[in-house]
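Here's what Swiss-Prot has on this protein:
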- H210, C212, E234, C294: Zn(2+) binding site (BINDING)
Amino acid sequence: MELPILPTSVIGSYPKPRWLLRMYKLRELGKIPEEDFKEAVKDASVAVLREHERAGVDIPWDGEMWRSEMTEHFTAKISGFKFYGPVRVWGNAYFNKAAAVDKLEYKEPLVLEEFLWVRENTTREIVKVPITGPYTIAEWSFNEYYPDKESFVMDLAKIINKELKTLEEHGATYIQLDEPAMLNHPDEVPLAVEAINRAVKGIKIKVGLHVCYSNYYLLADYFDDIRVTQFALEFANRQFRDMDFLKKLSGKELGFGVVDVHNPRIETVDEIVRAIKKAFNYLEPEWLYINPDCGLKLLDRRIAYQKLVNMVKAVRIVRKELEKEGRAETEFRTLNDI
């Protein structure tokens with residue numbers, strides 16, 4: 001399968017419509033039937049898909065409309081977790097932090113229904129399914145059962161592996177593991193790497209790994225050891241500085257973050273064009289995907305949309321220049337290709 005050179009994608013989350021946030025609150029209070037909530041989620045999913053498509057994104061997602069939060073969604077569906085209540089993250093942001101109180105088991109699909117709905121309702125051939133990785137789920141949960149972190153993380157890796165196999169069996173072609181916490185503790189990075197490799201064991205489709213706001217020089221030491229097709233990393237927030245760690249990236253793709261998801265300022269098309277060309281100092285264009293730094297959910301929806309629009313406009317400008325050199329397409333690589 002071939003894609004246009006410099007395929008554009010998203011990382012995962014997107015601002016939820018205000019009416020969907022109200023539905024989440026009503027559901028939490030037990031004031032609406034579950035079928036009404038599900039209908040609202042599906043409507044929001046289609047609305048966000050259309051925004052991504054209208055912006056021109058090649059490989060969209062629905063902005064995680066089905067998910068209340070990136071770890072809570074998964075821990076709520078994995079047997080062995082228990083919720084005690086909300087935990088403050090920063091400012092006025094809270095999430096329900098789960099505790100492992102028994103052996104963790106895969107009791108039901110985690111995102112299968114979500115994927116099938118998105119695939120049915122998109123006009124694009126490929127969608128990217130983001131899934132929170134095993135190390136981050138463990139890092140952002142309490143452990144009240146396992147004797148050590150390793151056994152906790154590796155049981156989660158086995159559960160994620162079952163979900164990836166379920167998705168692959170149902171036609172998913174591109175999955176992204178989100179591991180924003182994997183570099184929190186340098187001495188535990190080998191454990192995170194082992195967990196990622198266990199999670200993708202037996203998987204043949206395309207798998208990306210998203211890591212953000214971390215020491216990428218530490219990650220670069222493991223580029224060759226991590227069995228993924230692509231590393232989706234943030235660069236706009238760090239103003240595209242200190243990128244020499246990319247010299248260690250070979251034989252795998254880079255998802256190049258070109259818009260800052262923590263800054264409401266909308267990057268200009270020219271700024272994004274210059275950023276993309278800077279990446280060419282490290283990788284050939286055929287090994288680059290273009291995406292935001294991270295999930296866009298913390299931004300105003302109109303700002304998030306315009307950032308995507310400008311990202312796509314910039315890519316189209318660079319594509320035209322590359323096409324003059326006879327470089328118009330890129331291969332859709334999978335784990336079988338690395």
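Each Cβ is built from the backbone N, Cα and C atoms, and glycine gets one as well.
Annotation for H210 (Zn(2+) binding site): spatial neighbours I11, G12, P130, Q176, L177, D178, E179, P180, A232, L233, G255, C294, criterion Cβ-Cβ under 8 Å with sequence separation of six or more.
Surrounding the centroid of the Cβ atoms of H210, C212, E234, C294, where the record places Zn(2+), the chain contributes additional residues within 8 Å, namely I11, P180, V211, Y213, A232, L233, G257, V261, D293, G295. In the three-state DSSP scheme, E234 (Zn(2+) binding site) falls into the coil class. The sparsest Cβ neighbourhood within 10 Å, among the listed binding-site residues (C212, C294), is found at C212.
Mapped onto three states, the DSSP output places H210 (Zn(2+) binding site) in strand. Counting only residues at least six positions away in the same chain, the Cβ atoms of C212, Y213, G257, V261, D293, C294 sit under 8 Å from the Cβ of E234 (Zn(2+) binding site).
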